Amino acid sequence: MESTFKELSGESVLDLKDKTGIGGGVEDVYGEDRASQDQPITPWTVSVASGYSLLRDPRHNKGLAFTDKERDAHYLTGLLPPIVISQELQEKRLMHNLREYEVPLHRYIAMMDLQERNEKLFYKLLMDNVEELLPVVYTPTVGEACQKYGSIFKRPQGLYISLKEKGKILEVLKNWPEKSIQVIVVTDGERILGLGDLGCQGMGIPVGKLSLYTALGGVRPSACLPITIDVGTNNKKLLEDEFYIGLKQNRATGQEYAELLEEFMSAVKQNYGEKVLVQFEDFANHNAFDLLAKYRTTHLVFNDDIQGTASVVLAGLVSALKPLGGTLADHTFLFLGAGEAGTGIAELIALKISKETNIPLEQTRKKIWLVDSKGLIESSRKESLQHFKVPWAHEHEPVKELLDAVKEIKPTVLIGTSGVGRTFTKEVVEAMASLNQKPLILALSNPTSQSECTAEEAYTWSEGRAIFASGSPFKPVEYNGNMFVPGQANNAYIFPGFGLGLIMSGTVRVHDDLLLAASEALANQVTEENYAKGLIYPPFTSIRKISANIAATVAAKAYELGLASRLPRPKDLVNFAESCMYTPIYRNYR
């Protein structure tokens with residue numbers, strides 16, 4: 001098989017030039033963010049918004065923050081209570097209300113209601129309280145939201161394209177009110193987090209991801225489009241659920257599926273141009289690799305499960321070298337899980353080692369071992385393996401259990417991408433601790449219930465010696481009088497800044513070196529203070545700064561490779577990235 005990250009035979013992403021002549025950048029149609037905060041703007045929708053319609057327009061609604069002058073000018077007098085309050089006080093009140101909810105799903109619903117009512121306040125709340133609210137709008141709560149999406153569904157937040165629309169997908173895209181789309185996150189709902197096939201209810205994932213594109217990466221909300229492609233579901237429980245909102249039929253496969261996706265990808269490029277970023281999200285393995293391979297040289301595509309996960313985990317590994325010592329090539333890696341995430345991470349690690357050592361990729365892969373549900377992936381299994389697992393079938397005797405694989409391979413790094421909870425048992429962690437002074441343990445499966453082990457288990461079973469990070473958040477752990485702060489290898493570190501870097505530079509294709517650049521940029525932002533707490537990732541409180549630096553680094557690499565079309569190149573890419581970022585501060589209206 002061809003590498004996930006290498007150019008596929010026949011065409012290289014570096015050979016493809018932009019033929020549209022459209023510059024990159026983050027479009028601000030009405031000049032809202034180019035205006036100073038004190039410079040009044042007009043609340044444009046199709047026409048000037050006013051009165052009751054203005055209060056129902058989430059992009060321009062300010063609620064009780066409308067001034068008396070604005071209320072007079074826009075026919076709002078009497079439609080609101082007489083008091084005028086600041087956005088900061090609105091934010092304080094909402095955080096108080098959110099903290100009153102004991103059930104995380106209720107917080108999620110309240111946040112979605114706010115997004116549909118007052119867009120700027122939603123993003124201000126999320127940005128200012130990112131560590132507290134990230135688990136609410138994304139993992140782990142979004143998993144439960146997707147499972148119950150049919151019951152909590154109120155108002156469409158994205159575009160639904162089903163088999164019923166085959167032959168007219170371009171017309172469906174034109175029904176979306178925004179015309180200047182720069183990022184599309186699309187799912188077919190077949191592999192939602194570690195929860196399996198949720199069909200049409202997977203829409204919670206694109207909606208959540210794009211909220212983070214805006215809050216963490218500054219991509220304008222109006223430039224973001226969540227899409228769910230509904231080809232049916234094999235989830236019997238959903239098919240029998242009277243509240244299920246999708247097609248009640250088994251999943252389409254083969255030619256029917258491929259033709260729908262081909263029509264979709266063609267329509268996207270025709271409607272939105274060469275530079276619209278299409279992010280594939282939560283597709284099952286058998287489609288994810290094929291879609292990425294098929295479209296990576298013809299479209300600006302990115303698979304977050306394969307490439308985003310790989311980039312954020314590689315950043316953690318590079319960062320962890322400081323406390324661990326040595327180079328990546330000095331370490332041995334063992335994965336539990338050999339799907340999109342596992343093989344994607346493994347390939348990017350091998351690529352990074354290859355570039356650092358000038359050793360061929362085929363050789364550097366031999367530092368990396370994978371275990372799937374049938375045991376260690378080794379050469380005697382080659383004939384029965386899926387194509388994306390074949391490069392990892394090294395010479396070794398068959399091994400069935402993870403514990404035995406740890407004892408045989410003697411890894412310095414253990415990475416979980418299995419989607420199966422509590423598989424890093426006490427015996428496995430103790431074996432890692434017996435082999436290494438500082439075992440690096442990454443339990444990456446989402447949501448929290450599917451994590452291979454908890455932070456407390458990792459620290460306790462390793463006697464406080466493990467360096468630990470997970471996919472979903474865990475609270476700090478006290479062990480033997482020491483406080484350990486677990487890191488979170490969350491894709492939200494990478495994809496918002498990565499996407500902003502592509503957009504602001506007008507990049508036309510995603511190249512492997514852009515992913516390596518994003519990893520380096522993230523790793524470089526871990527401070528001595530972070531290391532002292534046991535962290536291998538920087539805190540999310542500085543995520544906008546992190547995203548700006550990632551965007552600048554990715555854009556710089558795109559210019560270096562000749563993939564960027566926004567000319568001339570900005571002199572200071574970090575400042576340019578920050579200037580492109582959406583701000584949720586209220587504007588004054590004329």
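The backbone N, Cα and C atoms fix where each Cβ goes, and this holds for glycine too.
Those TrEMBL annotations? Automatic predictions, nothing curated.
Feature annotations, reproduced from TrEMBL:
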{"type": "ACT_SITE", "residues": "Tyr138", "note": "active site, proton donor"}
{"type": "ACT_SITE", "residues": "Lys209", "note": "active site, proton acceptor"}
{"type": "BINDING", "residues": "Arg191, Asn446, Asn490", "note": "(S)-malate binding site"}
{"type": "BINDING", "residues": "Glu281, Asp282, Asp305", "note": "divalent metal cation binding site"}
{"type": "DOMAIN", "residues": "115-296", "note": "domain 'Malic enzyme N-terminal'"}
{"type": "DOMAIN", "residues": "306-559", "note": "domain 'Malic enzyme NAD-binding'"}
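Cβ-based crowding with a 10 Å cutoff singles out Glu281 as the top-ranked of the binding-site residues Glu281, Asp282, Asp305. Using a 10 Å Cα-Cα cut-off from Glu281 (divalent metal cation binding site), the recorded positions that qualify among Tyr138, Arg191, Lys209, Asn446, Asn490 are Arg191, Lys209.
Of the candidate recorded positions, Tyr138, Arg191, Asp282, Asn446, Asn490, the one lying closest to Lys209 (active site, proton acceptor) when CA atoms are compared is Tyr138.
A sphere of 10 angstroms centred on the C-beta of Asn446 ((S)-malate binding site) encloses 23 other C-beta atoms.
Reported as a whole number, the C-alpha separation between Asn490 ((S)-malate binding site) and Asp305 (divalent metal cation binding site) equals 11 Å. Residues Glu281, Asp282, Asp305 make up the record's divalent metal cation site, and a Cβ search at 8 Å around their centroid adds Thr187, Arg191, Ile192, Ile205, Phe280, Phe283, Ala288, Asn303, Asp304, Glu340 from the same chain. For the (S)-malate site listed in the record, the two most distant Cα atoms among Arg191, Asn446, Asn490 lie 18 Å apart. For the residue listed as 'active site, proton donor', the same-chain residues 6+ apart in sequence whose C-beta sits under 8 angstroms from its C-beta are Gly208, Lys209, Ser211, Leu212, Ala492. Cβ neighbours of Arg191 ((S)-malate binding site) (same chain, under 8 Å, six or more residues apart in sequence): Asp197, Asp282, Phe283, Ala284, Asn285, Ala288, Asp305. Cβ-based neighbour count (10 Å, all protein chains) for the residue listed as 'active site, proton acceptor' stands at 27.
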